[in-house]
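K.L.:
When I checked TrEMBL for this same protein, it listed these features:
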type	residues	note
SIGNAL	1-19	signal peptide
DOMAIN	200-249	domain 'BPTI/Kunitz inhibitor'
DOMAIN	256-310	domain 'BPTI/Kunitz inhibitor'
Amino acid sequence: MHKEIIWTLIVTALGICSGQNSQDDNLCLDTPDFGQGRDVVKGWSYNSELDKCYVFDHVRRNDYSNENIFLDESACNKRCRPNVPAKCYAKPPSSEGSLDLPVVTYDRTTGKCLPIRAPDEDQTKNVFRSDASCTKECRDTDLRLCLNATEADCEYIGSPSYGYDSKEQTCKQKTDGSCGGFRSVEDCLKRCGPLVENKCKLPIQNILTCEEPQKRYGYNEKTQQCEELLGCADGGNSFQEAEHCWKSCAPATHRCNMKPDTGRFPKFGFYTRYYFDIKRNECSSAKKTRSKVPGNTNLFETAVQCEKICKPKYQEKLGN
């Protein structure tokens, strides 16, 4: 009996420290169950290791009150991330033309406060009059685990823990005994990537936990190539367009970044060669009067060679 009372007190204390409602009995810390059946629907679940709600496909429930599964992101945030104002995850107000004012809105995808023009009379919407107020109210609370982890955040992590270093803009192991907030460097970078200015230095992480994963591109620093992947706009090393990835990250001297070596008359010649069209993200053909391919320009002997160098696919490492 005494053991049960002590355990109840511990659970209650941890729930309060983590910013969650004690009456939830740490529901937000539970691992969600896919369920049994064929009626699979999209929902949301809270990942306590990253302090974020993610899309979670599951079998439809009749009752959602006692599981770490929610029908929408706002319900998940309200229950498991009560410290984050609801307005931070709301869409910015629509433009009204001449009535618009220069204001700021929080973009939860990139973790940044962005300037827009919109009416600002409704302070319950995702609109702020200054970057400072937006940063304080939304960015700092949304990315709290990266910016201000507490000892309570390490109750379930143990040692060592890893935290975000704002000065170096990277994640490192904590060596001073303080709580970093994350179990691994990978988890830390996955959550804190939006805070890193140079996205090209981040590892590629094809996060699929958004409503609609799409074709995106990540930069592989070792191979100096932009790789195609299926992922989400996670604020990290994930670009919507291949050209943006190549131009932002790869050296200007990379063959795929060069002007096509097609000559003045690409439709006349005896030999079919290929070049990378960076704007269309395609390997296109061109005619050449000579068979020789230099090997250090944007010209390839075959389409296969072109695609191998300029259109590689991301290969996730085992164990990640």
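Note: Cβ is positioned from N, Cα and C throughout, glycine not excepted.
As the structure is a computational prediction, the values presented were derived from the model and not from experiment.
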K.L.:
Per DSSP, what is the helix/strand/coil residue tally across the domain 'BPTI/Kunitz inhibitor' (256-310)?
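P.N.:
DSSP classes over the domain 'BPTI/Kunitz inhibitor' (256-310) add up to 10 helix, 17 strand, 28 coil.
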K.L.:
How many helix, strand and coil residues does the domain 'BPTI/Kunitz inhibitor' (200-249) contain under DSSP?
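P.N.:
Helix, strand and coil residues of the domain 'BPTI/Kunitz inhibitor' (200-249) number 10 helix, 15 strand, 25 coil.
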